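Q: Starting off with a structure, shown below.
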Amino acid sequence: MARNWSFRVIFVSAMWCALLKFATLEEPKDGYDYTEGCPFVVLGNGTHAKPAGCSHLCNGAPETLDDNMECYNVTEEVAKRMTPDIPYTCWLGWCSKGECKRDNRTEVCYRGSERE
């Protein structure tokens, strides 16, 4: 009886691993190529993250985020100099033509550690 039980555990484990492999290899269905470009610097607030600014240079070419995307009104240079895991007060804004247009709201934000 113990032999039959161990076979079932091994079989279920193998099936679970196969399912995970195929589930994680699936390509995104939105048509966007996530392998191109340079990642934007993001700052967190404990529940989600937003980009620092709305544009940057990627291999000498400008990249901009879509209009009406929420952002932190902080340049990437300033965000990179922030001490990791220390809370800061950041102005919120909305991307408009590559610029984070500040509104009258602030929230706590922080730069994550490099290991994240």
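In case you wondered, yes, glycine gets a Cβ from its N, Cα and C as well.
What you are looking at is a predicted structure, and each value in this text was computed from that prediction instead of being measured.
When I checked Swiss-Prot for this same protein, it listed these features:
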type	residues	note
SIGNAL	1-25	signal peptide
DISULFID	CYS38-CYS58	disulfide bond
CARBOHYD	ASN45	N-linked glycosylation site
DISULFID	CYS54-CYS95	disulfide bond
DISULFID	CYS71-CYS100	disulfide bond
CARBOHYD	ASN73	N-linked glycosylation site
DISULFID	CYS90-CYS109	disulfide bond
CARBOHYD	ASN104	N-linked glycosylation site
Q: Looking at the glycosylation sites ASN45, ASN104, which sits with the largest number of other Cβ atoms within 10 Å of its Cβ?
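A: That would be ASN45, with the most Cβ atoms nearby.
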Q: Count the other Cβ atoms sitting within 10 Å of the Cβ of CYS109 (disulfide bond), across every protein chain shown.
A: 23
Q: Using C-alpha atoms only, work out the spacing between CYS38 (disulfide bond) and ASN104 (N-linked glycosylation site) and round it to an integer in Å.
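A: Cα of CYS38 (disulfide bond) to Cα of ASN104 (N-linked glycosylation site) measures 29 Å after rounding.
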Q: Measuring Cα to Cα, how many angstrom lie between CYS95 (disulfide bond) and ASN104 (N-linked glycosylation site)?
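A: Their Cα atoms are separated by 15 Å.
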Q: From the Cα of ASN104 (N-linked glycosylation site) across to the Cα of CYS71 (disulfide bond), what is the distance in angstrom?
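A: Here the two Cα atoms lie 13 Å apart.
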Q: Among CYS54, CYS95, the disulfide-bonded residues in question, whose Cβ has the most other Cβ atoms within 10 Å in this structure?
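A: It comes out as CYS54.
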Q: Can you check which residues sit near CYS58 (disulfide bond), meaning Cβ under 8 Å from its Cβ, same chain, 6 or more apart in sequence, and list them in order?
A: GLY37, CYS38
Q: Between the Cα atoms of CYS109 (disulfide bond) and ASN45 (N-linked glycosylation site), find the distance and write it as a whole number of Å.
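A: So the alpha carbons of CYS109 (disulfide bond) and ASN45 (N-linked glycosylation site) sit roughly 5 Å from each other.
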